[in-house]
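See below for the structure under consideration.
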Amino acid sequence: MVSSATICSLLLLSMLWMDMAMAGSSFLSPEHQKAQQRKESKKPPAKLQPRALEGWLHPEDRGQAEEAEEELEIRFNAPFDVGIKLSGAQYQQHGRALGKFLQDILWEEVKEAPANK
């Protein structure tokens, strides 16, 4: 007959195996998504403001804005966060390609959304 030590060890291993399986499935559970949304709702909305305008809007920061090279910062949230910093010259050079890239990505998401419903 099977010893009690073997039965206890099998029981312990099966419980540990179930814990591992539950940990793997929690990522897809609705509770995880709700917790993630609560975390995101606590964040203040990001300010989208070119740094060149900061000195104009806040005169006390004008010295810092003039010292730093003109930069443009673009951020948006999708299923993931994306942030891009470009200088004025880089934006002039790559602005159209970046705009087309973002339009293509966002347009694909709009096309896929009705198909998923």
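Glycine residues also receive a Cβ, built from the backbone N, Cα and C atoms like all the rest.
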Per Swiss-Prot, the candidate from Leu53, Leu86, Leu98 carrying the annotation leucine amide: Leu98
Record feature O-octanoyl serine (Swiss-Prot), assigned residue among Ser26, Ser41: Ser26
Around the Cβ of Leu98 (leucine amide), the count of other Cβ atoms that are within 10 Å: 15
